[in-house]
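Participant: Right, I'll just put the structure down here and ask away after.
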Amino acid sequence: MDSRLLPLVTLLYILSFLDRVNIGNAKLANIEDDLNLTGNQYNWSLAIFFIGYVLFEVPSNIILAKTKPSIWIPTIMVGWGVAMTLMALVTNFQQLMTARFFLGAFEAGLLPGIVFFITMWYIRSEQNYRIGIIYAGATLAGAFSGLIAYFIMDLDGKIQLSGWQWIFLIDGSITILIALLAYFFISDYPETAKFLTNGERALAIKRLKYDAGSGHLTHFEKEYILAAIKDWKVWSAMFIYIGIVIPVYSFSFFIPAILLSAPPFILGSISTIIIAIISDRLAMRGKYTGACIVGIGIFPSVPTSITWLNNNLAGNVKRATGSAMMIAFGNIGGAIASQIYQSNDSPEYINDVKIRNPEQILAGKSDSEIRNLGDSHPTFIYSL
């Protein structure tokens, strides 16, 4: 299954990641001067993306649960590809803000959609590695996005387009092309996958039912959405995730030099895969989420924390809703991250330290707090 599922969804997420952060490369290609951006207008053009992203994340995943991945995921891809392409035509701050808002609105459904898709194919002990591979692909893409943009900017002045316009135009066109192909290549679920034999299909379905019980598949009902909204696990995961997302986007938006951005992203990609493998082998999601934050880096924390929540939500509708809530709330951190590095704080950026330290503390607990969890401690087992 890996060879049929992972390459495509990894490519889709790579495109979404590149399209949301390529504005950082556009900044180096003089978009601020060409659009006469002043003060913090560039920062707000980053933040507006996350407003659209947060508002449409849960509705998008609910629509996905009611339809199917092969229809909904390519459709939102076409939407953000068009928004990305139109960004090449903006001439002022207001138009840039509008385009970035719709880019966020259409991209909102992809990551929670991919997570939902993975949970419908793989048992819980296999999910973190697959989600880690997908996220690592995007992290690795961040290493080379600057290099790609460097060569694209050589087109500066061709047919009267600036380098930043070429970045948006080429990236958006590639996204639209891949989206159109995705309509034909995404396999929805094991029950309908054409590449599986009857025996393979029966085995895949049996594995999922054995792993998650009878609650693996549920019909679409409002009660399952409400169940996700009322679940404490969803809310705790939301606050953990926002503590992870702020440094991720601070890193992605503001790493300073195109050619020197590759090594940190490459190291982040490697650590993401290693932690995902360890987490699946030992089934210690929560502890490894904290370990990633403290010891190894910000990137591995994303797939590990997402997998932890999805492993603990039964029913596809509740899981789709809860996952989208977590990612939507967490990406408020993206809007916060876009405002951390202000030009007048250069070069020390003291406010970055003041903001990022407390929010990373939010994502974890001390040893003393863990010992005093009482019947909320993960090792406590209830009697029936």
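Backbone N, Cα and C define each Cβ position, glycine as well.
Remember, TrEMBL labels are computer predictions, not curated facts.
Taken from TrEMBL, the feature domain 'Major facilitator superfamily (MFS) profile' applies to 5-384. Residues or ranges marked as transmembrane segment in TrEMBL: 44-64, 71-90, 102-123, 132-152, 164-186, 232-251, 257-278.
Relative to the rest of the structure, where do these features sit?
Facilitator: Panel annotation: around the transmembrane segment (164-186), residues 8-9, 11-12, 15, 18-19, 22, 25-27, 29-31, 34, 69-71, 73-75, 77-78, 80-89, 149, 152-153, 155-156, 158 of the same chain, lying at least six beyond its termini, place a Cβ under 8 Å from a Cβ of the stretch.
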Participant: What stretch in 44-64, 71-90, 132-152 has the biggest tally of Cβ pairs under 8 Å against the transmembrane segment (102-123)?
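Facilitator: It is 44-64 that shares the most Cβ pairs under 8 Å with the transmembrane segment (102-123).
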